[in-house]
Amino acid sequence: MEGMALYLVAALLIGFPASSFGALYTFITPGVLRTDTEEKILVEAHGDNAPKQLDISVHDFPRKQKILYQTRVDMNPAGGMLVTPTITIPAKDLNKDSRQNQYVVVQVTAPGLRLEKVVLLSYQSGFVFIQTDKGIYTPGSPVRYRVFSMDHNMHRMDKTVIVEFQTPQGIVVSSNPVNPASSLIRPYNLPELVSFGTWKAVAKYENSPEESYTALFDVREYVLPGFEVRVQPSEKFLYIDGNTDFHVSITARYLYGKRVEGVAFVLFGVKIDGNKKSIPESLTRIPIIDGDGEATLERHTLSRRFQRLNDLVGHNLYVSVTVITDSGSDMVVTEQSGIHIVTSPYQISFTKTPKYFKPGMPYELMVYVTNPDGSPAANVPVVSESIHSKGTTLSDGTAKLILNTPLNIQSLSITVKTNHRDLPRERQAMKSMTATAYQTQGGSGNYLHIAITSTEIKPGDNLPVSFNVRGNANSLNQIQYFTYLILTKGKIFKVGRQPRGAGQNLVTMTLPITPDLIPSFRFLAYYQVGNSEIVADSVWVDVKDTCMGTLVVKGASSRDNRIQKPGAAMKIKLEGDPGARVGLVAVDKAVYVLSDEYKISQTKIWDTIEKSDFGCTAGSGQNNLGVFEDAGLALATSTSLNTKQRSDAKCPQPENRRRRRSVVLLDSKASKAAQFPDQALRKCCEDGMHENPMGYSCEKREKYIQEGDACKAAFLECCRYIKGIHDENKREDELFLARSDFEDEFFGEDNIISRSDFPESWLWLTENLNAVPNNEGISSKTVPFYLRDSITTWEVLAVSITPTKGICVAEPYEITVMKDFFIDLRLPYSVVKNEQVEVRAILYNYVDDDIDVRVELLHNPAFCSVATETQRYRTQVTIKALSSWAVPFVIVPLQQGLHDIEVRASVRGQLASDGVKKKLKVVPEGMRKDIVTVIELDPSTKGVGGTQEQLVKANELDGKVPDTEIETKISVQGDRVAQIVENSIDGNKLSHLIITPSGCGEQNMITMTPSVIATYYLDTTGQWETLGVDRRTEAVQQIKKGYAQQLVYKKADHSYAAFVNRDSSSWLTAYVVKVFAMATKVVPDISHEIICGGVKWLILNRQQPDGVFKENAPVIHGEMLGGTKGAEPEVSLTAFILIALLESRSICNEHINILESSINKAADYLLKKYEKLQRPYTTALTAYALAAAGLLNDDRVLMAASTERNRWEEHNAYTYNIEGTSYALLALLKMEKFAEANPVVRWLTDQKYYGGTYGQTQATVVGFQGLAEYEIAMPSHKDLNLDIVIKLPEREVPISYRIDATNALRAQTTETKLNEDFTVSASGDGKATMTILTVYNAQLREDANVCNQFHLEVSVERIDSNLKQAKGAKETLKLKICTRYLGEVDSTMTIIDVSMLTGFLPDAEDLTRLSKGVDRYISKFEIDNNMAQKGAVIIYLDKVSHSEDECLQFRIQKHFEVGFIQPGSVKVYSYYNLDEQCTRFYHPDKGTGLLNKICHGNVCRCAEETCSLLNQQKKIDLQLRIQKACEPNVDYVYKAKLLRIEEKDASDIYVMDVLEVIKGGTDRNPQAKPRQYVSQRKCQEALNLKVNNDYLIWGLSSDLWHKKDEISYLITRNTWIERWPNEDECQDEEFQNLCNDFTQLSNTLTIFGCPN
């Protein structure tokens, strides 16, 4: 910028030749010039009629060594001495690698004339838009996308675009060049192992990657809903001081248009700073009748939950609605949020109003009125005060008020109010602004005012534009014409002149509005007075967002517009501009029920394009130069009028206003017990009369009271008085599945063709409109296709791009597909192998008569169900007219992968039938386990001869589930510290680093710290340019916000506590000092008085004579303390505070005389203790304090406390280890022991979880500080330039990566299914990190539930149905949780996470009593009432006893039926140490209702059939035996001896020795060793097999069980087993015939085989 300043000074010193004297030459160019784009400029001569040839040239800045473009134009009187040449600046000739802003010099020369202007460059050479086929995807699915590209003239542009896909963490995982003209763009396939969240598809031009365009989409596991729920509040806001209740209407419609019958569960709540605070009492059960229902939030319910309602103003009400169909078959959860809690229903803004006015001339005040949710408020009367004017808002929320301004004023104060007749005066919205008078040049008093009175402007309109002038007569007489420019989309679109007749003060012209002016334009005009003065004005004009061209999608005929049948043939017709390229996609509307925010639309396209407008205001300007600057233009004249130099292509953004902080007080009971006069004692009594969920005696409850003896006495008296009273209820509902015992005439199931094609999107086609256009210039094309099988409404979306009219998004065309009778098979997203699950087939009857339906579940060997290979499962139901019925099927998936479930149904006496076949995803059992290996690639220090080679060993996969896949992802990234820093700046990623929510004085410091350290690091290393200089502003604002908020908790003596009314905390005050001292290096306006006041308080109030610091009030949030809590507390606290004093020393030394002596006393105390410390953590912390004080240079004690000289660890304290090791690193850096620091840094970086976050706050903060200080202290890195080669087994070609500065933060990733050794080599300069993530499924062992440091017991029992229960509850259970801490002292700050049973909700009243009474058992609780998935309750405990069980008990209530309830879980864990945790499961009916299956290891076979055998018939003879043994599917016939019977799980294993192979089969050598026959335990009695007996046995090939190298045999109903008498028994007359038959059977089959 210094070079530019010097250049501008030099330019101003250039003299103008005499021949131009007396004329005014004006040169205008866009304020920002785009590369590779034709840009129009203007040169005008006023007062000179001599023809001239003008040379226009563009040069590099500042040296002007290159001519980037040149042209020559003629200026002559015939053209009005005005020319508008175009210039183009080629990007290829510029230094695009420069991190600094780039400029060019645009020069106009002619004999006797030279004008030039330095103009900012932009590499934005066009617009790119990405359309994805959907806005939401599941793992493993393809993301189809197409690219639309056009230049700034809205002309189609088919140059290459780079498309990148980025994970929610910002990691680029794919980057490919794409030709927008191609219709065969390969989709991006999401991996199965994928990050959930919002992904980005980013497009950028290949030759200008600085400008990018983004499409967003979500990735998560989901199932499409069967219907749509809309929630419509009665108002878009809630009056906080109103008296009326708040109503919401609920509408539920199937996606094919029919109305839903069912029930809705509605829960209201308030969202405060992003955190949801539910109102448990508002949970209501609402009937949905004919698709509609209404819920109400009663005013008194809200006020009971939040006592101080005014604290809610500015926050949002939300309502969560769960709708369940009458059949219980389907459920949809939706939430309506953004219902603002307000004191006035409207908000007024002046966003489209100029800030400047012309005294004595009309001032157009554009008032914009919105509802609290930001939507436009139509038909609202508004009125301005001081200068009276009134109007009414239009549909877009705007109203234009014309104010006639007085003469001779410099500012104009304006107040506008709404004037709604139904609102009292105090509820009318009001907004004030001050407009400033336009400053005339040299105080001439000459003005120009452009007036455009029309508001809703659209293409095809003729817009009147008025030019008003005011000034002295001599000046006005010189005006012969107005020169005007029309700017749109950042370009000068048109230049013209409007003549003015003598004496005309008002001149009007008509401007035709063409599609080129969409979405908005600026109209700027000026006139000249003499040869020096320019008088200018401008106005911004909005144009209705429509297509520049035409695109319509409709049915090709009237038949195509009707309701269609699945699979039917139909046609659509496309109508649009000739030559248009049209992209089509059909999307199931159910997708938009889940997510519609990312759908491409015409408005979104224009919103993006409008950002290319380089103008920054709604019009006008501070003075004549300001008019040009604010319109986005650069001006230079021959009389040295020059606009200011622009240095940013973007307009300056207003600072975000800081939201009002609101501390919401939770409700507490204030009812009174009349017999106790004292209010506090009334509370104790009332709490004593509450029912205790745990069933504790009054005497035990009294032990929890901390309020004193008087309270205990009152509590005990009232508790004993009310003892034994319960108030519960229960209401039973049972789901009854009707069955029919008769068979009738049904359409044959074998003739039913099942529907099986259910895509979420399809019709992904690109069509060209090349047909001859009709008389209206429209081309059309008919597209035939066959519909897919879904019963739904398809939304066909068409997007076109034409050669000259840009992009057009057509109105979606809907195709509704349904049948009068059909099946909807509802499947979960996935199920776990070998775990039972219920699926439902919902049968819909949309005819006017009741029907009888036979339903069949088809057999699939991949599932165990009531349908078997030999027996169909059928059931018959009656469905009433215009209703539905759910038929549940219980299955057990036996094989991993995608498997078909098929259900068919036919209507008795009719040809109506339907079948559905869907794929169900079966995932492996066990628990997903991740193994992360991190390897630092640093060839300069770790390599030999400049190359680092490393063997990466295969992981030990402990307890891997057999026959399951392994996923290994290998990713390589540059400099990891930079990655951590970058993620810390990003607000979304910052939230992942911080566990505790912000709010109180402690939480606020947790939130503020990472930004301070990150900003300090980036400032020191000068890396802001690589991350985006604008992000520093974000970080500084974050720090300032944290600083300002922390001052709320500062006491008068400069100490701090979580809340002002709590005792001051030494640790927190020191922490504030530490963080604020660091913040002064990046935010200079932090007051030294604030920091030094805290230091002085610590010295005077908390330091003892021996130098030690004391803590009288520990912090609430113990996780802040990190490792400082625990053993050796005095040393830890003193060292921590000494570090804070040392880091603030440079700020406070001259303000606090006793600071040095305080530091010396504390350091002396630590020196005496240092060599005797036991904990590695305390040793590291103390070492850093002493090294920072300059008293420690010997690292022997520190290194002796380490493990392997690279870490300081303690048992089961992972996060403390990171923190302690980081303190050790800081100590080594202070001692300048860099060689010792290197392995420490490597260990620290290796501990980072995959994705880049540490586990706990202090560990992250200190770890981050250590790594940042290491980067600062170590010598600067060489330029990053690494070549990495990975050699994977079974891949012939090695994988090669090049990492340099351009892609350092891009994760370059490869995947493999193998877990084998591989090698990696790195050469070059710089560092990189290779992360190997191996994911597999580990078996859940019986000891997997072993708990660490906690004992936990969970039980559940049913409550008597005669007792009272919650309204709408079908069943009530009591959940009891008992836990004990297994450490030496009580555990503090413990969390219990309860995962609810599906369909159940916790009783909020019970939980409130546990948290609100004087006998308080829990600190607080949070409820997540998502019944669609498992809800959860989070319970916070201040402590858990180490000497006795702490028990909690509360009710949970079933609100809807679930066919098969999966177990819930309870997890208890320490907030300070996540390794200390325990999990237990609970279930109301454990061990009941399970299908029978036989398992060996993790392989299971279905056994859901009777225990009858094939040979259990009345009469059997030799011929029947031969006939049955020789049936085609019989695999073997043996004579075998039963050796023993083994029991395993629910199966019996009969171990048999094959004595004779009568008919050989699959088992090639069955006599080699005993064979196992497996049967259900329940069949033991029916089989009645005896050890040491011989048997004739045969079975089917389908009953063989292949397990690796051996075969087992299943005993099923198809198995033939007969006892074969021994030799002695065969002599008896009773068995002689049987023995002869067996011998003859054996001889016949052995010698002759089976007959043909």
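A Cβ is built for glycine as well, from the same backbone N, Cα and C atoms used for every other residue.
Per Swiss-Prot, the features are:
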BINDING   PRO519, ASP542, VAL543, ASP545  Mg(2+) binding site
DISULFID  CYS616-CYS651  disulfide bond
DISULFID  CYS684-CYS711  disulfide bond
DISULFID  CYS685-CYS718  disulfide bond
DISULFID  CYS698-CYS719  disulfide bond
DISULFID  CYS1347-CYS1478  disulfide bond
DISULFID  CYS1378-CYS1447  disulfide bond
DISULFID  CYS1495-CYS1500  disulfide bond
DISULFID  CYS1507-CYS1579  disulfide bond
DISULFID  CYS1526-CYS1650  disulfide bond
DISULFID  CYS1626-CYS1635  disulfide bond
DOMAIN    684-719  domain 'Anaphylatoxin-like'
DOMAIN    1507-1650  domain 'NTR'
REGION    661-739  region 'C3a-like domain'
REGION    743-754  region 'Factor B binding site'
REGION    992-1270  region 'C3d-like domain'
REGION    1197-1260  region 'Factor H binding site'
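Under DSSP, residues within the domain 'NTR' (1507-1650) fall into helix, strand and coil as 42 helix, 55 strand, 47 coil. Note on proximity: among CYS684, CYS711, CYS719, the disulfide-bonded residues of the record, the Cα nearest VAL543 (Mg(2+) binding site) is that of CYS684.
Residue density at ASP542 (Mg(2+) binding site): 18 other Cβ atoms are found within 10 A of its Cβ, drawing on all protein chains shown.
Here the disulfide-bonded residues are CYS698, CYS711, CYS718, and the one whose Cβ sees the fewest other Cβ atoms within 10 Å is CYS698. Per-residue pLDDT, averaged over the region 'C3d-like domain' (992-1270), rounds to 81. For the Mg(2+) site, the Cβ centre of PRO519, ASP542, VAL543, ASP545 serves as reference, and the other residues of the chain with Cβ at most 8 Å from it are ILE457, ILE518, SER520, LYS544, TRP606, GLU610. Secondary structure of the domain 'Anaphylatoxin-like' (684-719), assigned with DSSP and counted as helix (H, G, I), strand (E, B) and coil, comes to 21 helix, 0 strand, 15 coil. A separation of roughly 7 Å, to the nearest angstrom, links the Cα atoms of CYS685 (disulfide bond) and CYS719 (disulfide bond).
Over all protein chains present, the Cβ of CYS1378 (disulfide bond) has 16 other Cβ atoms lying within 10 Å. With every protein chain in view, the residue among the disulfide-bonded residues CYS651, CYS684, CYS1626, CYS1650 whose Cβ has the most Cβ partners within 10 Å turns out to be CYS684. Residues near CYS719 (disulfide bond) in space but far in sequence (CB under 8 A, at least 6 apart, same chain), listed by position: GLY688, MET689, CYS698, ARG701, GLU702. Separation of the C-alpha atoms of CYS1347 (disulfide bond) and PRO519 (Mg(2+) binding site): 63 Å, rounded to the nearest whole number.
Its own atom aside, the Cβ of CYS616 (disulfide bond) has 15 Cβ atoms within 10 angstroms in the protein chains shown. Note: CYS1478 (disulfide bond) has non-local neighbours CYS1347, ASN1348, GLN1349, PHE1350, HIS1351, LEU1352, THR1379, LYS1467, VAL1468, TYR1469, i.e. same-chain residues 6+ apart with C-beta under 8 A of its own C-beta. Cβ neighbour count for CYS1447 (disulfide bond): 16 (other Cβ atoms within 10 Å of its Cβ, all protein chains included). The recorded positions recorded for this entry are ASP545, CYS616, CYS684, CYS1378, CYS1526, and the Cα of CYS1526 lies nearest to that of CYS1635 (disulfide bond). The separation of CYS684 (disulfide bond) from PRO519 (Mg(2+) binding site), Cα to Cα, is 67 Å. For the pair CYS1378 (disulfide bond) and CYS684 (disulfide bond), the C-alpha distance works out to 26 angstrom. In terms of C-alpha distance, the listed recorded positions ASP542, CYS616, CYS651, CYS1626 place CYS1626 closest to CYS1526 (disulfide bond).
Spatial neighbours are here defined as Cα atoms within 10 angstroms of one another, and by that definition CYS718 (disulfide bond) has no neighbours among the disulfide-bonded residues CYS616, CYS651, CYS1447. For the recorded positions shown (VAL543, CYS1526, CYS1579), fewest C-beta neighbours within 10 angstroms: CYS1526.
If you measure from the Cα atom of CYS1626 (disulfide bond) to that of CYS651 (disulfide bond), you get 105 Å. CYS616 (disulfide bond) sits 14 Å from ASP542 (Mg(2+) binding site), taking the C-alpha atoms as the reference points.
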